[in-house]
Ligand SMILES: *Cc1c(COP(=O)(O)O)cnc(C)c1O
């Protein structure tokens, strides 16, 4: 057992991997600019360090969901363009406007709210108008689009806003060949056609990497920046996973054959064996359906979670492996050491990597390193 202090668990984030991925994506984007999607704490990787690494790699701006996320970037001293794209009615906008955050609007009422904030703060806002081309989520429908454009052009004529972008989002860019892709591109061209000269953007990671015709003036990769494939069936695209999630064995003990393990005794030892206790649970984002399913690495050997994942901890059956308290348990990482990847976790849990990394809880410190600096 190590006597020096170690954290019970940590998410190590290799910023040089994020920078590498950003550079690779910028290259793939051709001449388009790149807005790095850093919403949800940079997909769980830590907002500010990840944003800086993406900017180092060639991103020219940052995209977030909420106004609060945008303000957090500004408060950290980041001066690059930041776009916030999910704004409910009544959202306080003055601080973001005063700090030079760009805002998305998908309805005339939001143009009005932005204009009101501009009048209060005295600072003009760059607005990106959002058109719903077929995802049926945010943005104006084709029917509502002309009214939104009218409201925005009127506010622009008054000098209150600058219409700086027209944008949309794909429903199925991660399903190559899906018929909705071409329909969305056609609808996007038609909507953007009434705003000549305004920057256009629609591509997420999957579209950026597989649809050259979707790159337009700006691309908005998220998941690929963190080194996780937007289309796992097509491979890793040369991306490098940035996050390694580890813990230290909190307890190791020998138990007899026939021992029931964790809540509900969903696992029973089939021989005398050694159990290891891992101090991470569903409160930390280790999903409960990882019970008896997901794998971890201990000293170069893989073990499957044994029994119920609890709120703060889970157990593994180490067999006769000579692990001791304090030994490192790797839940996932880039895969260099035969540890599981985040993609393997996602596959075994029936979800996508986005959900695995964004759910890692606040109890798990993000430790930022630059281990992959090979350039
Ligand atoms: C999250 C998000 C992205 C990035 O998507 P990825 O699939 O992670 O690349 C781009 N645009 C919008 C509007 C988003 O919400």
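Note: Cβ is positioned from N, Cα and C throughout, glycine not excepted.
The active site, proton acceptor annotation in TrEMBL covers 39, 263. The substrate binding site feature in TrEMBL is assigned to 137, 311. The domain 'Alanine racemase C-terminal' annotation in TrEMBL covers 242-369. Annotation comment: TrEMBL describes 39 as N6-(pyridoxal phosphate)lysine.
This view paints the features noted in TrEMBL onto the structure.
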{"residue": "39", "record": "active site, proton acceptor", "DSSP (3 states)": "helix"}
{"residue": "137", "record": "substrate binding site", "DSSP (3 states)": "coil"}
{"residue": "263", "record": "active site, proton acceptor", "DSSP (3 states)": "helix"}
{"residue": "311", "record": "substrate binding site", "DSSP (3 states)": "coil"}
Pull the DSSP breakdown for the domain 'Alanine racemase C-terminal' (242-369) and write it out as helix, strand, coil residue counts.
23 helix, 45 strand, 60 coil
Spatially, and counting Cα to Cα, which of the recorded positions is closest to residue 263 (active site, proton acceptor)? Options: 39, 137, 311.
311
Looking only at 39, 137, the recorded positions on record, which one has the least crowded Cβ, with the fewest other Cβ atoms within 10 Å?
137
Quick note, residue 137 (substrate binding site) and residue 39 (active site, proton acceptor): C-alpha atoms separated, nearest Å, by 17
Average pLDDT across the domain 'Alanine racemase C-terminal' (242-369), rounded to a whole number
98
Chain-internal residues, separated by at least six, CB under 8 A from residue 311 (substrate binding site):
281, 282, 283
